[in-house]
Structures are given as C-alpha cells and as structure tokens.
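**Q** Provided herewith is a single structure, encoded as structure tokens, for subsequent inquiry.
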Amino acid sequence: MTSVGDICLFATLTRVATVIFGILSYTWTGSYDTSAEIILPIDPAYNHLRFLNVFIRWDAIYFLHIAEHGYVYEQETAFFPFLPYLANYLSQTVFMPLQAVVGRQYTIVIVAALISNISFVFAAGYLFKLTRLIYPANTQLAKYSAVAFCISLPSMFMSAFYTESLFALLSFMGMYHITKQRYLLASILWGLASSTRSNAIIYAGFFIYELIISRFRRHSLMSLIFGCFQTALYSLITVSGFVAFQYSLYLQYCVDTSPEGPRPWCTRMPPLVYTYIQKENWGNGFLAYYELKQIPNFLLAMPVIGLSVAGLWTFISKDWKRWLSLGQSNHASSVILRFFTALPPLYWYIGHVWSLHLRSSASTTKYLHWLANGILYYSVLYSLIGVILFSAFLPPA
C-alpha cells in the first residue's frame, strides 16, 4: 500500500467488514437497551430493516432526533448540528426517493451511515497524504499510520451515526491544506469542523504558530503585523461554526424566552449553553470525572494514554525547544478513545513503531518487536470486542 488509492481501498474493506460484523452481532445478541427500537418505526412493514438499528446507539439517538425535529430539548444542545442537518438535507433531496421504500427515519439513518463511512475512507486517504507531505522520505510511516487509523479502537463509532469520521476528515483536510499554506481553505474546513465538534476551535492555534510564532525571528515587523491580522481572520473563520451555533441557541433560549423566563446560563458571561449543559447534564468539568467508579473506563483508555505519552516523550526528547514553544496542553475524558481519532500524532507514533519493529530485524530488540505486535493485537481485539458491545448497546461509549 504505497498510494492513496491503496489506502482508501483498505479503509473501505475495514468499513465493510466492521458494518457486516456489527449487523451480524446485533442479529445474534439483540439490544440490551431498547431505545433505538422504541424511537424507530414499529410498522411491521419495516421489520426487515431492524438491522439498521445497529447504527443508532448512545449519542446517535440524539443525532437522529435532531435531524428529524431540530433542537427541541436543551440537553440536545451538547451535540453539534452539521452532521444531523447534513443527513436530513440529503435525505430530503438526493435520497428523497428512498423514503418511499424505507420511510423517513431509516432514510436518515442510511444517509448518516453513508456519510460516516465515506468520510472515514477519505480521512484515511488524507492522513496518508498529510504524512507524506510532512515526512516525504518515509512512505512506510505514511502507510502504517493510515493502517493504524483504519483499525481505530472505536471502530463501530466511526461507522455509525456519530461525528467521529466526519470530524476526522475535516480535521485532516484542514491540516493538509495549512501545511500547503492554503490558510483560507484550511480555516473554512475547520469552520465546518467546529460546527461538528467543539474540539475544532483549538485548531486556531495552528494559525497562531504558523503566522505569528514562526515569524518572530525570520521575518520583518510588518510581516509579523500582517500575520496577526491573518491569524485573527482565519481564527474567526475556524471558530465560526461553534460561535454561530451557540448564538442561535442564545436567541432560542434567552431572547425568545418561554413564560418561565430565560435559562440560568443566559445571565452568565459568556452566555454559553455548551459549558452549562456539559456540566449539568453530562457531569463534565475540571476533575469532575475523576471518581473511583470511573476506574474501569480509565483502565480501558490506559493503553491509548500510554501510547500518547510515549509519543510525546519521543518528540520532546529529540526537540524539547519546539515543544516548549508550542505550549501544548491536553485533557482526558470518558470519550478519550474517540477524542484521539482525529489526532495524527497518535497514528504517527504507532506507524513509527510498526514501520521499524513490526517485523523482526537486526535493529529490533525483543521488547520493541513485542511492543509493535502488542499494539497490533490490542487494536484488532479491542475493535472486534467494541463492535460487539456497541451493537448490543452496551458500554463503554
């Protein structure tokens, strides 16, 4: 696999295998939670479509409701609009004839699954292109990094009605184009990403580094000033999706208020429903997740955290000055495995280990060979178990 086409073909095969395995698993085990069976059509004419329920698990239930009805309940505002609105738009236009066969809800489900899986395939291709662009002499790193993405741990999440694959595609595309110095295009892509997941607002930091920090020693004062204006413009475009969504919710809940009056978060500064909902409904906040009952979830995420720490240490030990200049900060959450799906450095480190040590050689110690194979076996095994648990509507999620 030395071309984008090869990578996209491999990514397609992994998606087909994941979906088939998920459907078979759901058919065999059924659902522990019947939420999807309740909200989806109960007409006997659609009984043969029940296998599509495998795409509607956990947060996907909220995305389906948003796609159908918009933002009706306040807790739904924790989920961003680009994916559900795109799925609804396509189901009402391109895929409108399909509604006569499977009904509106299942049409939206099918369209959303197609968006996720197609996005996944193109995301793998763009990760390969991005890696080749940054490391042009290391084709093996690009190949193995893309393979690592294709067998991502939250495999079924990447194929279901979830934002992970679409967000990864927009993220990788933006990173690719900013590396090519196509700043406007990168900011537009990340603007769409910030209407998909809130994480995208941190991508504004790329412009700060690229157009300001990197110019301190190499460019004139006028160039630095111009870089500040560029950074402000591109950063505003990057966060525009997030800001527009939050502003629309402010108008809905704080201006056009109900007889009970505005919601508590309306008087806060800034009046963001996102931070309020994350804390009140989802229990998120600084150190809020660090409880004894969450130890099993931390243990599940520990291998990925360990790989991230190892990758960071490899980078810091070779280029600590650049690390200090970047001023990086990280955070963990209950969805850390899904959060990392759009971060190329994790795949680069895995690709680095696999490209050098997956096969025994004179330069490979027994420990590094064991580590490389251990990562591979863990990734495949976790992905398979994850598909079974997701299909049965069982945690972790």
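Backbone N, Cα and C atoms are what each Cβ position is placed from, and that goes for glycine too.
Predicted, not measured: the structure shown is a model, and the values here were computed from it.
Pasting the relevant annotations from TrEMBL:
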type     : residues : note
TRANSMEM : 7-28     : transmembrane segment
TRANSMEM : 106-129  : transmembrane segment
TRANSMEM : 141-163  : transmembrane segment
TRANSMEM : 183-209  : transmembrane segment
TRANSMEM : 221-245  : transmembrane segment
TRANSMEM : 295-315  : transmembrane segment
TRANSMEM : 335-355  : transmembrane segment
TRANSMEM : 375-394  : transmembrane segment
**Q** Which one of these stretches, 141-163, 221-245, 375-394, has the most C-beta pairs shorter than 8 Å to the transmembrane segment (7-28)?
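**A** Most contacts with the transmembrane segment (7-28): 141-163.
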**Q** Between the stretches 106-129, 141-163, 183-209, 375-394, which one has more Cβ pairs under 8 Å with the transmembrane segment (221-245) than any other?
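**A** Selected stretch: 183-209, with the most Cβ pairs under 8 Å.
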